[in-house]
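Data block below; observations after.
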Amino acid sequence: MKIKDTLNLGKTKFKMRGNLPVREAEWQKQWRENKLYEQRLKLNEGKPRFDLHDGPPFANGNIHMGHALNKISKDIIVRYKNMNGYYAPYVPGWDTHGLPVEQQLAKKGVDRKTMDRAKYRELCRQYAEEQVQKQMTDFKRLGVMADWDHPYITLQHDFEAQEIRVFGEMFKKGYIYKGKKPVYWSWSSESTLAEAEVEYKDVEANSIFVAFPVTDGKGIIDPKDTYFVIWTTTPWTIPANEAICVNPKFDYSVVQVGDKRYVVASGLLDKVAEEIGWDDYKVVQTVKGADMEYMKAKHPIYDKESLVIEGFHVTLDDGTGLVHTAPGFGEDDFNVGQRYNLPIFSPVDAHGCYTDEVPELKGMFYQDVDKLMVQKLKDAGALLKLKIFTHSYPHDWRTKKPVIFRATTQWFASIAPFRDQILDQIEKASFIPSWGKTRLYNMIKDRGDWVISRQRAWGVPLPIFYAEDGTPIVTPETIEHIAKIFEKEGSNAWYTHTAKELLPEGFTSEHSPNGEFTKEKDILDVWFDSGSSWSGVMEKRDGLHYPADLYLEGSDQYRGWFNSSLITSVAVTGQAPYKQVLSQGFVLDDKGHKMSKSLGNVISPNDVIKKMGAEIIRLWVAQADTTSDVAVSMGILQQSAESYRKIRNTFRYMLANTSDFDPKENRVAYDDLRSVDQYMEVKLNDLIKECLAAYDKFDFTTVFKKVFNFISNDLSAFYLDFAKDVLYIEVENSHARRSMQTVIYDAAVKLAKILTPILPHTMEEIWGFLKEDEDYVQLANMPEVENYANHDELLENWAKFMKLRDDVLKALEDARNKKLIGKSFEAAVTIYPDKETKAMLDELDADFREILIVSKLTISDDEAPVDAEQLANAAVVVKHAEGEVCPRCRMIRTDIGADPKLPMLCGRCAEIVEANYPEVVQEGLEK
């Protein structure tokens with residue numbers, strides 16, 4: 001018999017390489033066929049609920065790394081909750097209406113303006129449904145466990161019907177109204193935009209200082225040769241000027257420059273003088289802003305008057321302190337104009353071109369008018385200064401083109417009547433990171449009314465009829481009737497039925513004596529779609545619960561889904577749709593740049609999966625601090641792959657060395673474990689406690705760091721490092737070996753459970769090698785935290801020993817550098833401890849030679865020799881061990897051949913082999 005045949009060498013079929021791109025797909029197929037999602041929920045019936053509501057991604061194209069970050073984060077949370085005593089369903093959703101779908105059809109040559117509306121919308125539906133299926137396949141491949149057979153999609157009939165009911169309830173409460181006011185207008189999309197659909201970019205613009213001749217100074221300012229000076233970055237709005245706004249609290253200076261006088265805010269005078277180039281000027285008069293109200297000026301180009309009015313939005317940050325006011329082209333302008341009954345003059349059409357309301361500009365694009373106005377003001381002698389100015393300007397988030405403020409007649413949701421209620425609900429919810437609460441609170445506090453109408457085709461129609469005299473018709477009866485039709489036929493019914501067919505049978509109105517009605521042509525803002533999901537999904541669906549426990553999305557959703565959902569939910573029910581909000585940063589490249597095809601830094605999840613596997617993306621998510629922006633590159637993913645290999649290989653070692661361990665037969669009770677094994681069991685238990693607490697805070701980064709640190713330092717670099725001397729060498733069923741196997745097996749089981757939410761495919765593979773009752777680790781529960789009576793004392797003593805171990809390892813390293821020894825097992829170590837350290841070592845009662853991996857260890861009560869290396873609480877002497885290397889245990893021993901029957905072995909190995917392999921004594925032993 002060969003020596004290796006007398007060793008307990010670990011064996012396992014768990015492969016070193018994961019072959020993840022292939023094996024993951026096999027596991028996912030198995031999960032689907034065995035309905036693991038349904039099985040897990042059935043196990044959790046009757047347990048406390050946890051409802052994470054999925055914010056719907058837009059169905060357009062394959063998923064990107066931002067999608068992966070979001071969906072994997074949600075999956076980790078839901079998997080954890082299900083394994084930790086909660087009934088945690090997860091229904092994935094998709095946002096399917098809106099401009100991107102229309103843009104895709106336009107690229108294919110489909111013209112919405114010439115095609116029948118119902119047929120056009122059917123093409124939109126088909127495209128959107130194809131995109132949903134494409135993304136669903138991508139999300140499944142990430143290993144996301146969800147109710148994939150029953151997703152919610154905003155184009156579903158029942159969803160659209162419930163959205164109509166939400167609108168109807170808000171209308172009934174008086175929160176919906178029709179009005180004309182400036183809104184974000186996208187000429188490139190030919191539609192209004194919500195705040196969440198606008199992104200800001202730095203652009204260059206013409207900034208101009210313009211002189212408006214004073215015509216009436218109310219007897220305070222002499223109008224002769226006197227001018228109000230305004231500053232604007234939108235010269236194209238000058239034709240729509242109706243007023244000049246001043247702050248009543250500011251002082252204004254009348255400044256003599258040559259034979260003319262100019263009025264500017266005193267606090268900006270020096271800055272304005274420098275900008276315009278007034279080298280020689282003199283303040284001849286100071287006037288309070290409050291005294292300037294109702295003064296008048298002449299428009300510098302057109303034959304019209306401009307009224308001086310008051311507004312507290314006027315600041316001393318930029319400009320002149322006198323603000324050009326065009327109520328048809330700005331929100332502040334509109335609001336202040338309402339107080340003075342100023343005309344809402346907005347002579348620009350849906351394409352961004354001037355109308356015949358300004359005949360000479362008819363058909364001109366506003367950006368061309370911008371240049372023309374500069375020239376006209378120059379020709380009129382009213383242009384004091386032209387300067388190119390860089391500022392942050394709103395753009396359409398889809399088309400990337402600039403937007404304008406334009407007064408149009410739209411439908412709005414009024415926020416003011418229930419703003420305080422919304423703010424109160426924000427206070428009651430919790431936010432991760434905590435700054436999210438302040439951010440959302442300030443957004444709601446400062447936001448204006450929500451423009452909910454859109455001039456597009458693909459969306460949920462506004463369920464409004466018009467009577468013969470133009471009166472809007474919305475009643476509880478009409479709303480419910482439309483909702484029921486939509487439940488059966490979908491919202492396309494609005495375009496395939498007449499108004500009469502869509503109204504309740506026999507419906508009449510005093511506003512339509514002839515019984516004639518027409519339908520609203522606009523659709524609802526897509527944010528009203530997703531913003532109603534709390535009702536259409538969480539409130540309405542069986543098995544789900546409202547309000548949701550958690551909303552988790554990117555930080556851009558504070559002005560998007562977090563915002564719109566909150567408004568509709570509080571408007572209808574009085575409460576927030578969520579108890580907690582978790583926001584994440586954006587995915588950037590390793591240099592902090594956004595992903596873009598032009599930069600060539602786009603990383604596709606599907607490409608990563610084909611090369612590395614979804615587990616590597618999942619590990620990347622768990623390693624990242626997602627509360628701020630998250631970096632990704634192939635290099636970063638390679639680091640995640642290295643971490644994965646370390647985890648996998650450690651598990652492989654643990655599985656190999658517990659393959660002959662039956663937890664039901666061989667487990668050693670905690671009180672009977674050796675001291676070092678108790679120490680590791682306690683360390684493992686503390687790790688589980690910390691990981692469960694981190695999971696409860698949705699802090700995957702801490703979970704991963706702590707687990708990886710335990711695997712790398714406590715297991716690989718310590719416990720499993722010296723384990724071979726026991727696991728391989730000792731008798732198979734010896735107490736020391738079974739004690740150590742108990743801990744290693746516990747670590748494998750508990751770490752597999754803890755890591756399942758993060759690495760479900762790999763942990764499922766590992767679970768197949770463990771001897772547990774559950775067929776799948778996902779059907780097991782999270783490990784329970786034990787309470788060990790000797791916890792504190794044990795950790796305290798072992799912490800002291802670990803400090804001593806570090807010092808001894810340094811002494812061994814010194815001996816290695818001095819060529820006294822090669823590897824540590826060649827050493828004979830003598831430790832001279834002080835009294836406290838000696839007491840600690842006696843208390844621990846461990847095999848310290850085994851733990852230090854040396855051939856001989858002596859704990860001496862004698863005084864340390866002068867050449868001993870002084871440590872903090874002991875002295876140490878390292879020498880080369882005397883004797884020969886035992887070919888079985890690889891230790892240097894002086895008792896080789898002590899047993900004549902087994903002359904090549906040391907006494908320890910001879911005893912083990914003779915007792916367990918009696919045939920060896922007869923047949924002899926080969927190397």
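The count begins at 1 with the first shown residue.
Positions of Cβ are set from backbone N, Cα and C atoms, glycine also.
Swiss-Prot tags one of the stretches 214-218, 594-598, 639-643, 899-903 as motif ''KMSKS' region', and that stretch is 594-598. Your range for motif ''HIGH' region', going by Swiss-Prot and the list 57-67, 233-243, 354-364, is 57-67. Taking only the Cα positions, the spacing between C906 (Zn(2+) binding site) and K597 (ATP binding site) is 68 angstrom. Note: the motif ''HIGH' region' (57-67) comprises 3 helix, 1 strand, 7 coil (DSSP; helix = H, G, I, strand = E, B). Counting in whole angstrom, C889 (Zn(2+) binding site) lies 59 from K597 (ATP binding site) by their C-alpha atoms. When the binding-site residues K597, C886, C909 are ranked by how far their Cα is from the Cα of E553 (L-isoleucyl-5'-AMP binding site), K597 comes first. Around C886 (Zn(2+) binding site), the same-chain residues six or more apart in sequence whose CB sits under 8 Å from its CB are I892, R893, I896, L905, C906, R908, C909, listed in sequence order.
Counted within 10 Å of its Cβ, the other Cβ atoms near E553 (L-isoleucyl-5'-AMP binding site) come to 21, all protein chains included.
Summarised as a single figure, the pLDDT of the motif ''HIGH' region' (57-67) averages 93. Sequence-ordered, the extra residues of this chain that approach the Zn(2+) site, with Cβ no more than 8 Å from the Cβ center of C886, C889, C906, C909, are I729, P887, R888, R890, M891, R893, I896, L905, G907, R908, A910. Of all the binding-site residues given, namely C889, C909, the one with the smallest number of surrounding CB atoms inside 10 A is C889. The DSSP secondary structure for C909 (Zn(2+) binding site) is helix. Secondary structure by DSSP for the motif ''KMSKS' region' (594-598): 0 helix, 1 strand, 4 coil.
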